[in-house]
Structure formats: structure tokens, C-alpha cells
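This report concerns only the one structure given below.
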Amino acid sequence: PQGIGSPSVYHAVIVIFLEFFAWGLLTAPTLGVLHETFPKHTFLMNGLIQGVKGLLSFLSAPLIGALSDVWGRKSFLLLTVFFTCAPIPLMKISPWWYFAVISVSGVFAVTFSVVFAYVADITQEHERSMAYGLVSATFAASLVTSPAIGAYLGRAYGDSLVVVLATAIALLDICFILVAVPESLPEKMRPASWGAPISWEQADPFASLKKVGQDSIVLLICITVFLSYLPEAGQYSSFFLYLRQIMGFSSESVAAFIAVLGILSIIAQTVVLSLLMRSIGNKNTILLGLGFQILQLAWYGFGSEPWMMWAAGAVAAMSSITFPAVSALVSRTADADQQGVVQGMITGIRGLCNGLGPALYGFIFYIFHVELNELPMPESSSGGSVVAQYPLQQNSIIPGPPFLFGACSVLLALLVALFIPEHTNLNVRSSNWKKHCGSHGHPHSPQAPGEAKEPLLQDTNV
């Protein structure tokens, strides 16, 4: 009786596309409002806002996933989309409230976790990888197209129209969930289930991290992921603001940068990744991806011209092969009943980095006094950047110190990854984990063996 038709992957795809398309439209307006609201400590406040949001998402995602196993997916899809998009209309009403609500909304900004659970409910295990790929590709497509559209509309008609359009798309997404999305767990949607207990082990965000030290190979892999993803998470939170305010990119140039980088990353993670995995092996692919990431971050750190940012962006697309290669290494070397445990550890570490990385980058920008104290810069009529009028600060030897710090962190990750064997059997004690899977897992839920129980915080991963 609820929704239109039977539950399908396409319902989940539309929900994801509309949510992130709405946020993508606000890419350029958000950068301007952020600088206007916090003119003296722009990067520090941006890091704190994104850091609080990331940490809250890391802490709440397992609990929301556990509750959705009992109460159903549809209600939590509605809850997460509503609170994730709630800050959008506040951008023009009150910028202070806008950024405050963004940081607090991290408690519910875990739409991907619920969407992946929804997809897992309605697919067989052999279909799940393709379905997850379709959801991730839809997310990437929304972010490739929407920033450019938002920048164009903002230039032609003003930012107010962009905010209204983004709000309308968010409302459309909420209405679509209410009207069209059917529940994927109908057998559990009965009044008695609302009082059913949940497993607090499943809701513990640190549950998988506690198992990290139980196997030396797992420890090496997790250290590699932490050292490489920490600067990546910080970079995602501040890089487009850095391009806009420090490097002098126009709104259109930032949108074009996002689109080009997204397209190149998709190609790298599909065609290039498969070729490298077949030709040089899994471990060497990881090492190559880390090498590209070091080069990219160092280039960002020392780059002082727009063309350097574009060139480093192409290298950044190649560095995106690292995490898929790490996931493939884990899936090949772990036993079938260990997949969820090890993948959950990696996902948990990435979720933790989503909170720590932005705050770390913002703090490093702050201590190196990398700020822009002038008013937002004018843009050229041709849509290019105006760099000469706002040169980099004269006392700044390194234009982007956090990126150089990130390069050093990834270099350490590369040294750790050298000790990871190409072929091994991972052994992580997971009796409680498997017992919990058997007693609380749904036949097609993502908590079945072989799937991660940790928050799937991939909202920033193209």
C-alpha cells in the first residue's frame, strides 16, 4: 500500500540524485557566504563546521542503521534527507543559522547508509555490487553537473534563485520519498516492532575499530587507510574554498574543475583501475595510487598559479584508485566470514577521518595565517579568474601548507603499505560479530556476512 510499485534500486537512485543535486547547486553560493560570514577565520571555521558534521555522522550512522533494521528504511530515508537538506533555505535567511544547522545536521547526514541498506534489502548478493555501483555513479553524476548549473544561474539571476531552486529540489525529494518510495522491509513494519530492542554492539561506532590490532596485516592496512584518507577528507572540505578565495578561481572555474575532476576520477576508477590490477597487481596499484596522491598534494601545496591547480587535479583523479584497490585487496585476502569485519574497520576509519580531516586542515590554515582579508573578489566578464588583483600573501612561503602536510602523511602511508604482503589470509576474531549477524541480520540486509556493519560515509567520495 505504500509507494509506487515494488521496491527497486531506481527508487534509491532518484533519492540520492535529488539530494546531492540540490547541494551541488549551492557549491558556488556557499563559498561566497562562508567568506562573508567568517571573513577573518574562513578556513578555520569551515574546518570546524565540516569537522563537527563529519564526527556526528560517524557517531550516529551505526545507530541509525540499527534502528532502520527494526523500524524500516522508508522512515529513515525521510528523516535523513529532511535533516540533511534542512539548512538549504537558511542560506539567505540567516547565514549563521545556516552553518550552525549544517554542523548539527551531521547527526542525520547519513543518507548513504540507509540507501545502501535499502538496496541490499531488495537485491541478491551477486547483484549487490552492481547496484551499489549504480548508486555511487548517480551520486557522482549529480555532483559533476549541478555545480556548473548553480554557478551559471547565480551569475545570470543571482544566488537567491539558486537557493530557491535547491530548496524546491529538496522538497521534491522529500515528496518523492513520501509518495513514491515503497518500504523495503514490509514484514517488520508492524506496531509490535516499534518496541523491539536493538543491538547496542551494532550501534557502537567504535565496535569495528576495537578489532584493528588483532591481526598485523589488518593493522597495516588500517594505518595506510588512515594516513592516506585523513588529508583527502580535509582536502575535500576546503579545497574549493581555497581555489575560490586564495587562487582566485571564478565560480564557473570552480564548477568546471569539479566536473572535470569527477569525470576523470570515474574513468580512473573503472578503466584505469582494472587495467592496473591485471597488469601490475593489487599491492602495486595501491602503491601507485599513493604515489599519485603524494604528487598531487605536493603540487597543491607549492602551486601558485591556476594552471598548476588544473594539472594537479588531473593527478588527483589518478590518486582516486587507492581506496578501491585497498577494498579489493581486503576482499581477496579475507575469508568469506571475515569480509564484513575488515571492510567495516576500513569504513569506520574513513568515517573518523571525515571528522578529523576538515578540522585538521582548518587549524593548519589558521596557524599559518593563510586567510584572505579583502572583500570577495570580482570576476572577469569572460568567466576566468582574477588572480593579479589579489596576490597570495607575501609572507607565505608555502601557498597551501595543509596540502604539504597531507603529502607527508601520505608518504608515511606509502612506507607502511610497502610492508603489506600481496597474498595473505586475514584473521580477525569476530565470534560476537558473526553471532550478532545470525541473530539480528535480515536475509538481504547489508548486515549479512560479507557486508560492512559500519557507517558507509561515502558522501564525499566521487
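Cβ atoms are placed via backbone N, Cα and C, with glycine included.
Feature annotations, courtesy of TrEMBL:
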type	residues	note
DOMAIN	8-425	domain 'Major facilitator superfamily (MFS) profile'
TRANSMEM	9-28	transmembrane segment
TRANSMEM	48-68	transmembrane segment
TRANSMEM	75-91	transmembrane segment
TRANSMEM	97-119	transmembrane segment
TRANSMEM	131-154	transmembrane segment
TRANSMEM	160-181	transmembrane segment
TRANSMEM	217-234	transmembrane segment
TRANSMEM	254-277	transmembrane segment
TRANSMEM	284-302	transmembrane segment
TRANSMEM	308-330	transmembrane segment
TRANSMEM	351-368	transmembrane segment
TRANSMEM	403-420	transmembrane segment
COMPBIAS	433-443	compositional bias 'Basic residues'
REGION	433-462	region 'Disordered'
Is the transmembrane segment (403-420) close to the transmembrane segment (9-28), in the sense of at least 3 CB pairs under 8 angstroms with a sequence gap of 6 or more?
-> no
Could you tell me what the rest of the chain brings near the transmembrane segment (351-368), counting residues at least six beyond its ends with Cβ under 8 Å?
-> 41, 43-58, 61, 205, 209, 226, 229-238, 396, 398, 401-402, 405-406, 454-455, 457, 460
Does the transmembrane segment (97-119) reach the transmembrane segment (75-91), going by 3 or more CB pairs under 8 Å (6 or more apart in sequence)?
-> yes
Same-chain residues at least 6 beyond the ends of the transmembrane segment (308-330) with CB under 8 Å of its CB atoms are 221, 224-225, 228-229, 243, 247, 249, 257, 260-261, 264-265, 267-269, 272-273, 276-277, 282-283, 285-286, 288-290, 292-293, 295-296, 299-300, 339, 342-343, 346, 350, 420, 426, 461-462
Taking the transmembrane segment (160-181) as the first stretch and the transmembrane segment (217-234) as the second, find out whether 3 or more Cβ pairs fall under 8 Å, excluding pairs closer than 6 in sequence.
-> no
On the domain 'Major facilitator superfamily (MFS) profile' (8-425), the mean of the pLDDT values is 81
